[in-house]
Amino acid sequence: MASLGVEAEQEPLLGHSIPGSREWDIIETEEHYKSRWRSIRILYLTMFLSSVGFSVVIMSIWPYLQKIDHTADASFLGWVIASFSLGQMVASPIFGLWSNYRPRKEPLTVSIFISVAANCLYAYVQVPASHNKYYMLVARGLVGFGAGNVAVIRSYIAGATSLQERTSSMANTSACQALGFILGPVFQTCFALIGEKGVTWDTIKLQINMYTAPVLLGAFLGILNIILILTVLREHRVDDSGRQCKNINFEEASTDEVQVPQGNIDQVAVVATNVLFFVILFIFALFETIVTPLTMDMYAWTREQAVLYDGIILAALGVEAVIIFMGIKLLSKKVGERAILLGGLIVVWVGFFILLPWGHQFPKIQWEDLHNNSIPNTTFGEIIITLWKIPREDHNEGPTGCPVEQAWCLYTPMIHLAQFLTSAVLIGIGYPSCNVMSYTLYSKILGPKPQGVYMGWLTASGSAARILGPVFISQVYAAWGPRWAFSLVCGMVVLTITLLGVVYRRLIAFSVRHGRIQE
């Protein structure tokens, strides 16, 4: 994890200086330089653990919910899944505002402590005699609330890096987040060996099994993370050129530090970037949601096959994303962030355009009623249910194919497997490129001033996208099928590209806009 920042650390600290200028004679000491990058690496780890906290239980929530409370249905599952993003959406601006006026250690420590407490609550949700599902809802919501520290992490890294270091650092942050999403389900799979019964610690009424062991590990890692933040993390802020700046967050100030440059932030660029970020996460959230129902409808995969094959596909996309994040650091130096963002959106559009059904071959029709084999017509929770509900009593998967209840199955051509895989690869290229470029540009637009609140709103917009994306695709896909669903997504991407074209010239760094640095 620590090695991810090495390349960024090797870049020049100050760029080209102007001899004889007092402000350019300020050079970062080696001690300050090492302390700054140690702190940034701690936040890489924090980002990694935050994403692990979301993904480590995602494949086991449904069976665990059924086990602890038989009154829980698919509709309630939707609320449990959405509670994480809802909690993060609420917390992000709060922690961001806090980090603007106090040392970042405070919101980081409190947020991680909330996540640790929430994980412990999740491990005990089976203990109460009733209303267990509501305890799980609260636990997942609090884990999401703790994950609101993503805004603090991004604002810290944006403020502690120069323009030359920014893209590389943001790419490393995204790579750590992607690794967390990849490895979380892997940890869950390893803990599955413990089984549902597991062992019980009667003294404290703690049951350690395949459902609770992952969150207990998360709580333990969270405690270690708090210790590292309290002992290693130091407050650092540099301007766009790499010079140390005075700031309210500093624990101690030096006479060598320069004042934060003054100037207005381009609010049009800020709003546009928030919209771009929302659309980017909205599109990927709906793609993740639709993968399992789509493959079951088009290729007549059983539930077991869909969970296995789609899990492999999503894991491969995660690995692809990490590679893209690393490659972006080099590519951005040659073509710039705006060009990569535009190119990424075009690639995403091509990916969804390829998904449009063509030809005269139709999917296999499922004439018998099979619950949860495809995307239902009711709630968000019932969409997600296919990822968890695997037969328990026997191995009879029942009929497969596109349910006749979905009228479009009778007249919509099938999406060939080659189409789907090609589309997945292209979306796997475009999404991470757009993701990291959008908040890299955002941090540069905001400049060296405290970015906590602004990063909080950006994170909140991403959380809202992860809530609304699955709801949108569930309704459109179930009612009208993939042709309408993906056509609407293509139209949405075209509008987003148009928006980017309109504000393209405004998406420049704060210091470039005010003439302090040449682009």
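Any Cβ shown, glycine's included, is placed from N, Cα and C.
Listed in TrEMBL:
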- 39-508: domain 'Major facilitator superfamily (MFS) profile' (DOMAIN)
- 42-64: transmembrane segment (TRANSMEM)
- 76-96: transmembrane segment (TRANSMEM)
- 108-125: transmembrane segment (TRANSMEM)
- 137-157: transmembrane segment (TRANSMEM)
- 178-195: transmembrane segment (TRANSMEM)
- 215-233: transmembrane segment (TRANSMEM)
- 268-287: transmembrane segment (TRANSMEM)
- 307-328: transmembrane segment (TRANSMEM)
- 340-359: transmembrane segment (TRANSMEM)
- 420-442: transmembrane segment (TRANSMEM)
- 454-478: transmembrane segment (TRANSMEM)
- 484-504: transmembrane segment (TRANSMEM)
Would you kindly check 76-96, 215-233, 307-328, 340-359, 420-442 and say which stretch has the most C-beta pairs under 8 angstroms to the transmembrane segment (268-287)?
420-442
Mean pLDDT over the domain 'Major facilitator superfamily (MFS) profile' (39-508): what is the value?
82
Two-stretch contact, the transmembrane segment (137-157) and the transmembrane segment (340-359), at least three Cβ pairs under 8 Å:
no
In contact by Cβ distance (the transmembrane segment (484-504), the transmembrane segment (340-359); 3 or more pairs under 8 Å):
yes
Go through 42-64, 420-442, 454-478 and flag the stretch with the largest number of C-beta pairs under 8 Å relative to the transmembrane segment (215-233).
42-64
Suppose I define contact as three or more CB-CB distances under 8 A, residues 6 or more apart in sequence; do the transmembrane segment (108-125) and the transmembrane segment (454-478) meet it?
no
Between 42-64, 420-442, 454-478, who has the most Cβ pairs under 8 Å to the transmembrane segment (76-96)?
454-478
Which sequence positions outside the transmembrane segment (42-64), separated from its termini by at least 6 residues, show Cβ-Cβ distances below 8 Å to it?
1-2, 4-5, 77, 80-81, 84, 108, 112, 115, 119, 122, 136, 140, 143-144, 146-147, 149-150, 153, 156-157, 172-173, 176-185, 187-188, 192, 210-211, 214-215, 217-218, 221-222, 225, 228-229, 232-233, 311, 384-385, 387-389
